[in-house]
Amino acid sequence: MPGILFLFVAWGIWIIATFILDKNDPFRFPAAIVSLMLIILHTKSFAIYSFHIGASSFLLLFSAYWLVYQGTWLKKIYLFFSVMIIMFGYAGFYLLELYDPVWVLVDRKILLSGGLFMIGWVLYPASLLYRYAAVVIGSLHGEVFLSVFLSKWKIPYTIGSNEYLDVFALTVSALLTVHAAGRILFAAKRSLEGKVKGKKQMVH
């Protein structure tokens, strides 16, 4: 069932943001609100001319742009090129699959989310926020490109459909899991270094 992975991840983020995150965390309230609104909007779509658009895609784009709008011009230029890379990579994968589906041996959701995760990590190895923004903006612009391209052959394609939301959910889950694991390892390393330093001071 398309969208079930997205709902699972969105509810998980809402629960963590609402009940587990520190109340002083600046991302606690936005994460809870956005995840809840995405859950509400994920079944809604509307048409602009001949294009069908999932309502949740607008909220995702807004959240991504909101995270990066205060960046420097240099960061914005780099983001632009990053978005272009992700957009053409995303659209190219779909068109290759459409032309010759035989080469796609694994579930396309896993392949797409894995590709988005790796490209996002390569482009932004040090910033989770920019990594998220680049993946969301790039993939959704890829959806728009696909919709425009396929419309020439009268092939229906919904921008930001539930299938896209599943890919988005898998990608975000991977990004957050690796980020959390990195923070845990860093905290454990600092704690271990502190204990070693304390023992050395006791010896001296």
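Each Cβ is built from the backbone N, Cα and C atoms, and glycine gets one as well.
Annotation source TrEMBL lists transmembrane segment at 6-22 (among others). Below 8 angstroms of C-beta separation, residues 28-29, 31-32, 35-36, 38-39, 42, 162, 165-166, 168-170, 172-173 of the same chain, each at least six residues beyond the ends of the transmembrane segment (6-22), sit close to that stretch.
With a threshold of 8 Å between CB atoms, the same-chain residues lying at least 6 positions outside the transmembrane segment (49-68) that come near it are 30, 34, 37-38, 41-42, 75-76, 79, 129-130, 132-133, 136-137, 140, 143, 147-148, 151, 156-162, 164-165, 168. Under the heading transmembrane segment, TrEMBL lists 49-68 (among others).
What TrEMBL records for 77-96 (among others) is transmembrane segment.
TrEMBL lists 108-126 (among others) with the feature transmembrane segment.
Positions annotated as transmembrane segment by TrEMBL: 133-155 (among others). Beyond its flanks by at least six residues, the transmembrane segment (133-155) meets 50-52, 57, 60-61, 63-65, 67-68, 79, 82-91, 94-95, 116-117, 119-120, 123-124, 164, 167-168, 171, 175 of its own chain at Cβ-Cβ distances under 8 Å.
Proximity of distant same-chain residues to the transmembrane segment (167-186), defined by a Cβ-Cβ separation under 8 Å and at least 6 residues beyond the stretch ends, is recorded for 5-6, 8-10, 60, 109-110, 112-114, 116-117, 120-121, 128, 131-132, 135-136, 139. Annotation comment: TrEMBL describes 167-186 (among others) as transmembrane segment.
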Intrachain residues whose Cβ lies under 8 Å of the transmembrane segment (77-96), provided they are six or more past its termini: 68, 71, 103, 108, 111-112, 115-116, 119-120, 123-124, 130, 133-135, 137-139, 141-143, 145-146, 149
